[in-house]
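Please read the structure below before turning to the comments.
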Amino acid sequence: MKNIAVIGAGTMGNGIAHTFAQKGFKVQLIDISQKALDKGIATITKNLDRMIAKEKISEEDKNNTLGNISTFTSIKEGVEYAELVVEAATENIDLKLNIFKELSEACSEETILASNTSSISITQIASVTKRPDMVIGMHFMNPVPIMKLVEIIRGYNTSDEVTTAIMELSKKLDKVPVEVNDYPGFVANRILMPMINESIETLYNNVAGVSEIDTVMKLGMAHPMGPLQLADFIGLDVCLSILNVMYDGFKNPKYAPCPLLVNMVRAGKLGVKSGEGFYDYSESKKAEKVAKQFS
Ligand SMILES: NC(=O)c1ccc[n+]([C@@H]2O[C@H](COP(=O)([O-])OP(=O)(O)OC[C@H]3O[C@@H](n4cnc5c(N)ncnc54)[C@H](O)[C@@H]3O)[C@@H](O)[C@H]2O)c1
């Protein structure tokens, strides 16, 4: 594979584009919004500059990486030569089903279609295409250029050939792929989200404060970041939506989102992206300080 189309230039899409381009793949980055594409390229440039400052890459590597990325606002034009499409658009089921219907028509018959969804069923996404055996989950972690794991999700109909090809490709990106089956939350979020939800429940029940809960988990369990801070980074709206997918999918009350999480999302406290969640990110310096722990 040489040509990779990435749909969505947001948090994950620009990281995925960056990672493929740095490894020499030609990337067609597609977004409905020109503004999102410009912002995505600016973020990739900033992240490459940071890598130069840390002497991890050279100026030439940066130029080659940026030279490997072209941008498109039309899916049809962007996927014309793609051997793999990685969809990283907004987490909304109807939106993703429409994108995959379009991809099924617009892509060559040999093109593998992957989704970076955090929670939506790969089997359901595959069902709207004419090639369900060639649809797979490629769940990168945030921030993509740094995090090693890619959760590879096999839909009900995903073929062995496609799974092997995507596992091998992930290794070429210097990532560690782990194959899992397609059930709500897959593995990463099925385990992570109940922990985050329980941390919010612990706060809601007034057992301890935000920094106390995070400190217990950081120093007691050797987690690099406390669960409430991690929830702020993921986005509280995203955490709520994943919990709801698991609650609906398993019909099990243990996945019911904590009322405090529901209230915070209703109040627009979404974490880092809105400037406030469990922590206050209103001053840019504060956010930078927290972000540094992650890079
Ligand atoms: N943020 C995370 O930590 C994280 C981690 C793993 C997986 N994910 C998953 O990755 C996907 C993207 O999440 P994100 O956080 O990058 O979202 P985001 O909101 O930062 O970016 C989404 C982008 O998709 C674009 N988009 C919307 N509709 C489109 C369309 N029809 N065609 C092309 N582009 C379109 C938007 O303009 C936006 O730029 C979601 O499925 C999410 O669940 C997110």
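Positions of Cβ are set from backbone N, Cα and C atoms, glycine also.
Unlike curated entries, TrEMBL annotations are predicted automatically.
Among the candidates Asp31, Asp133, Asp160, the residue that TrEMBL annotates alongside Gly8, Ala9, Gly10, Thr11, Met12, Gly13, Glu91, Lys96, Ser118, Asn142, Lys273 as binding NAD(+) is Asp31. For Asn142 (NAD(+) binding site), the count of additional Cβ atoms within 10 Å of its Cβ stands at 15 [all protein chains shown]. Shown are the recorded positions Lys96, His139; the one with the most C-beta atoms within 10 angstroms of its own C-beta is His139. Cα spacing between Asp31 (NAD(+) binding site) and His139 (site 'Important for catalytic activity'): 19 Å, rounded to the nearest whole number. Rounded to a whole number, the C-alpha distance linking His139 (site 'Important for catalytic activity') with Gly8 (NAD(+) binding site) is 14 angstrom.
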